[in-house]
């Protein structure tokens, strides 16, 4: 029971380590001149190749019928995160740093909460103190993001970082750092990411097969992001060149870990914990990226950005505190979802159903679960 309780926490923490690793690898690849649009395209081509065989063989007996409504939802999912968010995210990272990008993505839980509230995936009662904490925390989180962008402050000396490398990224890529532009792109990307997470939760209610949904998202996302990359990089075929270097590593790592496994795992967790829980551990990624970025990429830290990141984390955990007060009700809901599975097991041994074959029994058992998920 203890392991079952902690499994979602361990899983999302592991995801944050995966995301942190990609931030460092992707920034290194971008510093080497890789196009952010080509990276988004290659990432989801790799993800499709990786996840599709698992989805085909493991879901072929349980995959629901594809409807036009579900297809359009998946088409939108492929547009929101693999295409729009990834293009904006990597472009914003090119204008800033890996640490700044990781810190800015802490606004994601706030945006996810607002959208979950709008789509009634999150319980909010403005008269209750825990709901007020969610709303206040969201406002504080956005304020912290603005503080990071506007206030720079003095340089924080780190023994392993070289302050003379502050403009290193700009000289390597030919792109001058622009915090305002970079922060704006990342923030818009986070809005799309939050929309993706909430829409994924909605889609799973009518198409409750996480592997197949992930495969479809990656496949359609790879097509859409490739179209965008071909348009932006037209007349520049060298942008698509890739060798055994950091560019290939970024595409493979991002495709397998962050898209293939990441989309699937967050889909499994949000079916019981909700979309806000999935995004709640982003500050851990920020801490990991800040440490690794200063060591590997020689990134420097400024007081204003650290203060802004602290404000973001305080706001985030105000949201999480309010979210924690909803856990008893969601746990009760989870128990209700498990009840139909036990009911057929009591009915099946009765005389009326003694002659029922195993195929019919499986139908009786699975049907309540499907209805419940819908």
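Every residue gets a Cβ built from N, Cα and C, even glycine.
Here is what Swiss-Prot records for this protein:
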DOMAIN    19-147  domain 'EamA 1'
DOMAIN    191-320  domain 'EamA 2'
REGION    350-374  region 'Disordered'
TRANSMEM  9-29  transmembrane segment
TRANSMEM  38-58  transmembrane segment
TRANSMEM  64-84  transmembrane segment
TRANSMEM  99-119  transmembrane segment
TRANSMEM  135-155  transmembrane segment
TRANSMEM  182-202  transmembrane segment
TRANSMEM  212-232  transmembrane segment
TRANSMEM  249-269  transmembrane segment
TRANSMEM  284-304  transmembrane segment
TRANSMEM  306-326  transmembrane segment
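According to DSSP, the domain 'EamA 1' (19-147) comprises 104 helix, 0 strand, 25 coil.
Within the same chain, residues 40, 43-44, 189, 192-193, 195-196, 199-200, 202-203, 206-209, 213, 216-225, 228, 259, 370 sit at least 6 positions outside the transmembrane segment (64-84) and bring their C-beta atoms closer than 8 Å to a C-beta of that stretch. Taking Cβ pairs closer than 8 Å, the transmembrane segment (135-155) reaches residues 100, 103-104, 106-107, 109-110, 113-114, 124, 126, 163, 179-180, 183, 187, 300-322 in its own chain, all 6 or more past its ends. Ranking 9-29, 38-58, 99-119, 249-269 by CB pairs under 8 A with the transmembrane segment (284-304) puts 9-29 at the top.
By the count of Cβ pairs under 8 Å, the stretch nearest in packing to the transmembrane segment (9-29) among 38-58, 99-119, 249-269, 306-326 is 249-269.
Listed as Cβ neighbours of the transmembrane segment (306-326) (distance under 8 Å, sequence separation of 6 or more from its ends, same chain) are residues 103, 106-107, 109-110, 113, 122-123, 128, 130-134, 136-149, 151, 153, 156, 276-277, 280, 282-283, 286. Non-local neighbours of the transmembrane segment (249-269) in the same chain are 8, 11-12, 15, 18-19, 21-22, 25-26, 28-29, 34, 39, 42-51, 82, 197, 200, 204, 210-211, 213-214, 217-218, 221, 242, 277-278; each lies 6+ residues outside the stretch with a CB under 8 Å from one of its CB atoms.
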